[in-house]
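One structure is given below, encoded as structure tokens.
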Amino acid sequence: MQLINTKKDLKTYLEGLSESTSVGLVPTMGALHSGHISLVERAVRENHVTIVSIFVNPTQFNNQEDLEKYPNTLEADISLLSSVTENLLIFAPSAAEMYSDKISSKSYNFEGLEHVMEGEFRPGHFDGVGTIVEKLLRLVSPHRAYFGEKDFQQLQIIKKLVRITDIDVEIVGCPIVREPNGLAMSSRNERLSKDQRKEAGFIYQTLKAAKKEFGTKSADYVMDWVRKEFETHPDLKLEYIKIADVDQLQAVTTKNNSQEYRAFIAVYIGDVRLIDNIAL
Ligand SMILES: Nc1ncnc2c1ncn2[C@@H]1O[C@H](COP(=O)(O)OP(=O)(O)OP(=O)(O)O)[C@@H](O)[C@H]1O
Ligand SMILES: CC(C)(CO)[C@@H](O)C(=O)[O-]
Ligand code: BAL
């Protein structure tokens, strides 16, 4: 296990690898849990060398309080990663290291993917994600980079990012890892009380029921049904429910059997915002 904090040391490490060494990159914001570990394990299986980046990227936070309260657990992250394998490089730079003098985002055109759902409710978020992921991909030049389907819209945007920037990397999407009650694992879950964590299981239970409804009902019907279900749980504030196709992330008008759809949801519990989705 090696911990590196600077771009210079990262470059030196990468220059020491032979041409035939395949590199897997797992970008994270730390506060690691089993969801992250599933990405790391896959990267370790599929590459000679795995690099895990840990960087809480300021430019993707549209809400200052969310950034300030984002959990920071570097020591625990290092020990969790060492329990997977010792053959890992952790890259944990500072904001100054990643952004030099100016902490700001580039502006991207992700062909509409960035304007819906997370993009609508977190203005500028995907410019921030695009900026940091592009920087990381250019620094590391990995053969493969791993992202979770919990952030499905982010995964689609990163696939678009590498196409529009012509970065040669395989983007690997990994399934959502859940708590026993169905709650999608997320670093922000650490901010929930025991009772809130229990109650948050309702999000996935409702998505599963919505999937069943979607078998025979229209998307509009199912979304209305979900909204009504949340009215019975006033501690959970539904921000959005959207049924969309997985390619363009556009709302469904008429169901088409050859198209894949997902239901996407964002919910507040107190001031903690959680997202989830399910394949329909
Ligand atoms: N439950 C999960 N299952 C699979 N992948 C996950 C899960 N949670 C996070 N990931 C993936 O891990 C990578 C790093 O995510 P990140 O560090 O933001 O953690 P997070 O748990 O999503 O935190 P939060 O959503 O609270 O910011 C992303 O690609 C994300 O999609
Ligand atoms: C991809 C990412 C590491 C970029 O900061 C972040 O958005 C995340 O953890 O999902
Ligand atoms: N996992 C997505 C990163 C974010 O919420 O900013």
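Quick reminder: no glycine exception, Cβ is built from N, Cα and C everywhere.
Source: prediction; values computed, not measured.
Taken straight from TrEMBL:
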BINDING   29-36, 148-151, V177, 185-188  ATP binding site
ACT_SITE  H36  active site, proton donor
BINDING   Q60, Q154  (R)-pantoate binding site
BINDING   Q60  beta-alanine binding site
Close-lying binding-site residues around ligand 1 among M29, L32, V177, S187, where CB distance stays under 6 Å: M29, V177, S187
Under 8 Å by Cβ from Q60 ((R)-pantoate binding site), counting only residues of that chain that are 6 or more apart: S105, R122, G124, H125, F126, G128, V129, I132
Recorded positions close to ligand 3 - of G35, H36, Q60, E149, V177, S187, only those whose C-beta is under 6 Å away: Q60
Nearest-integer angstrom distance between the alpha carbons (Cα) of L32 (ATP binding site) and Q154 ((R)-pantoate binding site): 18
Residues among the recorded positions L32, G35, H36, E149, V177, S187 that border ligand 2 - Cβ under 6 angstroms, in sequence order: none
Distance from H36 (active site, proton donor) back to M29 (ATP binding site), taken between C-alpha atoms, in Å: 10
Cα separation, H36 (active site, proton donor) to E149 (ATP binding site) (Å, whole number): 11
Euclidean distance between Cα atoms of S187 (ATP binding site) and H36 (active site, proton donor), Å: 9
